[in-house]
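Here the structure comes first, spelled out in structure tokens, and everything after it is commentary.
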Amino acid sequence: MFATPLYDADFEKLYEPSEDTYVVLDTLEEIRQDLVNWYFPVNTRSTTHSPNKVPICVEIGTGTGIITTFIQKNILGPDRAIYLTTDVNDYACATSIKTNGLNKKKPTDFGMLDTIKCDLVGPLARKCVDLLVFNPPYVPSEEVPDIVKLTQDKKDDDDKINDLLVDLALCGGADGMETTWRLLDNLDSILSDTGMALILFCARNKPEQVVEQFKQKMRLKGVEWKVERVFIRKAGWEELTVWKFVKDW
Amino acid sequence: MKFLTTNFVRCPISKCDNSLKAFPLQYKNCELIQEELEFNPEFLANILDRLNWEAIIAVAGDLGNDSLPPTKPENVDPKDPENEQLLKDLHTLLIETQITEGEMHCGECGHIYYIKSSIPNFLLPPHLV
Ligand SMILES: C[S@@+](CC[C@H](N)C(=O)[O-])C[C@H]1O[C@@H](n2cnc3c(N)ncnc32)[C@H](O)[C@@H]1O
Ligand SMILES: [Zn+2]
């Protein structure tokens, strides 16, 4: 068992690590060896699978950043990958860097971690992401709060902004899937050819149906995918699952 | 924002998608700091593969550094002492240099993105979404 990374933040302003966060950490730990083999294959003679020497790992919607720090420390290693976190919440962006520092032995320990405030993967170059991790706002809700409000004048009301940020961490709109669908619809141009995405769903997202629809939509674009459930946890009435997406060549 | 990250970000506005002028962004009025980190020659030698060298040179130029080799160093052996200076320079530039405040201009649409307290902000205003 790897320890949960340390963190320290004001939870009125960002998402506090919760059951879903731990489901992602436990998934990573459980499939650790598969991830290592996928990104750093021992047999490099294979022509079908030759990943980038230094993978780029991107966590969308990083919150405290403990997932990325966990991957860096325990899964892929601090000096074998480039780590980027994103969030629409700049306090989350800043916290993800701070969390990383809190979990180092020395402040100068090597690590290439950076953060970007943006929608989903925002400005990242096409097909540059090798490992994408997303614990999305997945709760079904009437609507997804408008991110655009975050770009308007902030000074008017901090409480309102904090409420908006709390909603943005949770509310997924119809079936809780609106934000995740915006990602899935572009996944082919976000992931590198040897890229992988790990995405969390709750039962009300109807992940089995989503996966079928996703494959069909992608087939129309001429891209085949391998998608599998790699983790499931029932917690009370809630059922959380993590799904792995890779292109099928 | 670390210098290395500039090699992976472009203007996210959809009409700039296919423009060669939307990458790299042009860095202006930047304030820099150096953040000391352990030197890791293997990491640097390994990332050379995936760097867009012209973009590294362009951004270094924006920030007032014209000392990089004009073509990308190839097959750099991190254990060869001859490469140590090159890799140390790259370490200082790519890994230790942080842009704390500044502007990123898109050469295609002219939109300006800001870096504040080391965080680049790429959220788009309503009329550009
Ligand atoms: C369920 S929380 C997960 C936080 C953290 N990764 C964790 O597991 O504890 C969802 C996060 O996504 C962020 N978020 C919501 N919509 C986003 C979007 N369109 N782009 C990027 N981040 C987003 C929220 O601000 C929030 O931090
Ligand atoms: Zn542009």
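For all residues, glycine too, the Cβ spot is worked out from N, Cα and C.
Copied from TrEMBL, the annotated features are:
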type     : residues : note
REGION   : B:64-83  : region 'Disordered'
COMPBIAS : B:74-83  : compositional bias 'Basic and acidic residues'
Long-range Cβ contacts under 8 Å made by the compositional bias 'Basic and acidic residues' (B:74-83), restricted to residues 6 or more beyond its ends, are 41-42, 44-45, 48
Could you give the number of helix, strand and coil residues in the region 'Disordered' (B:64-83) as assigned by DSSP?
-> 3 helix, 0 strand, 17 coil
